[in-house]
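Q: TrEMBL lists 1-25 with the feature signal peptide. Residues annotated as transmembrane segment in TrEMBL: 227-250, 292-320, 326-350, 362-387, 393-415, 453-472, 484-510, 522-542, 554-582.
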Amino acid sequence: MNNNHSLFIIAFFFFISSLFSTVRSDSSDHRFKEGDLVPLFANKVGPFHNPSETYRYFDLPFCIPDHLKEKKEALGEVLNGDRLVSAPYQLEYRRDKESVSVCKKKLTKEDVGKFRSAVRKDYYFQMYYDDLPIWGFIGKVDKEGKDPSDYRYYLYKHIHFDIFYNKDRVIEINVRTDPNALVDVTEDNEVDVEFFYTVKWKETNTPFDKRMDKYSQSSSLPHHLEIHWFSIINSCVTVLLLTGFLATILMRVLKNDFVKYAHDEEVADDQEETGWKYIHGDVFRFPKFKSVFAAALGSGTQLFTLTVFIFILALVGVFYPYNRGALFTALVVIYALTSGIAGYTATSFYCQLEGTNWVRNLLLTGCLFCGPLFLTFCFLNTVAIVYNATAALPFGTIVVIVLIWTLVTSPLLVLGGIAGKNSKAEFQAPVRTTKYPREIPPLPWYRGTIPQMAMAGFLPFSAIYIELYYIFASVWGHRIYTIYSILFIVFIILLIVTAFITVALTYFQLAAEDHEWWWRSFLCGGSTGLFIYAYCLYYYYARSDMSGFMQTSFFFGYMACICYGFFLMLGTVGFRAALFFVRHIYRSIKCE
């Protein structure tokens, strides 16, 4: 069995790596002779502060090359909004060029209006030269006049390419625009313009395998690393305080409880402290809505497995900077392949809870996370189509995703469900459940579900919020995040804090003779997801310059799905920790 398991894991990683190999350039060896035409692809343009709002490069009236070719893209690249086409510049290997004309063009009033609007919104362009990303702004705003009506808008017409090479390989490329070669597009007049480009080649000693390092250096600069380590120390202090609190208070209280119960002492006056013994006949009473509960556990377990696999791939170096779409490909493929885990976990737990309609439970498991994600995608894809943005997925890509869901996700979910149903596992309860539930005594307001969720979510969130800023700046900005080892440590800390705080709150709930801990432990564990979504509001309005309906809907729509995924995953972690704890304490006492 162990051999089969290891073979499966090896095959799985070979499959994933073969998928990522499609993301590389057409010229996979990246070796060139002098005079060879190195592939240069124009990708997209868009407002600098709105990373989701990107358009095709030639949606703006630039010079179109004679032979316009579209590059065939992998699934992850399309999901990333990349639409690569051949650029109008000819950059031959080690051939310098000085002020070469791209084309002469008469810009109509409509063309001038498009460029002016783009310059006003701070548009940038992105290209790829031998798989190396390059960016530049398409123009500038002269704000000498204080009143916005006096602003002047200029389009850059001369681009300089500085390229570094080592023997027969391209190592680095930088692009800059000539600040003196400008076209005034302030007025709605027809303009004759000629676009130029200059190419300079320089030798460097940097080896080819280090050429991507410069893109990851920004997140590894000393002052940035200092903040990351401060984040980890902050998180570790939180963990130590919490574990210290649990070790001293909780274990001492439990020890006293065990001693008292072992000597069969009557502790009528001290019921608040030792009240958990009195509800031993109710503590393993199955929760309401057990089908939904089992489905949430199944989905949460799948998302946890997905996250662990993503971290493994990140730590072995699959997601190097600008490996276009690798993360999206990994998310789609691994989610599809791990759906069997969701089916197995949900159905086996549902059957342990003496559920009978396991087919309905399996359907619920399949739709619990995918359903909201699908509805959000439909709405946001419609918005992107209306805006004519590259974020709108082509029909072919949607068909591929539907086929993956139909041919891989669904069958694996069903197979997992059948395996879960046939596992015949019984729920391990160390004490018998009574026939009739004991009435829960009235509790103060702060012991209610919502105040407990607020308490449970705040500590794990405080352990990760510093790191959150860098992740948001990478996903919803132009920073690059590459310190996955630090992120993995923060993730481990998040899991530990979530488990500990849920266990502590579960104990206090049972001590107050409230036996409905099942859903409470799940909601308390998952409440960190709600704090992350609250942080989204703060980040959008206080830390970013995003604007416009499309960017706003993309940010809040997809972040809602991500935070919902966190809610399910951390809820599962919280419940599993609480279940382990509850079984342990009731196993340690003798109940009649």
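Going from the start of the chain as shown, residues are counted 1 onward.
The backbone N, Cα and C atoms fix where each Cβ goes, and this holds for glycine too.
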Q: With contact taken as 3 or more Cβ pairs under 8 angstroms (pairs 6 or more apart in sequence), are the transmembrane segment (484-510) and the transmembrane segment (292-320) in contact?
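A: Contact criterion met.
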Q: Can you see whether the transmembrane segment (227-250) and the transmembrane segment (393-415) are touching - at least 3 CB pairs under 8 angstroms, only pairs 6 or more apart in sequence?
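A: No, the transmembrane segment (227-250) and the transmembrane segment (393-415) are not in contact.
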Q: Mind checking which residues reach the transmembrane segment (362-387)? Cβ under 8 Å, same chain, six or more beyond either end.
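A: Counting only partners 6 or more residues beyond its ends, the transmembrane segment (362-387) has Cβ contacts under 8 Å with 53, 291-292, 294-296, 298-299, 302-303, 339, 342-343, 346-347, 393, 398, 405, 409-410, 413-414, 417, 549-550, 553-554, 557-558, 560-561, 564-565, 568.
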Q: Out of 292-320, 326-350, 393-415, 522-542, which stretch touches the transmembrane segment (453-472) the most, going by CB pairs under 8 Å?
A: 522-542
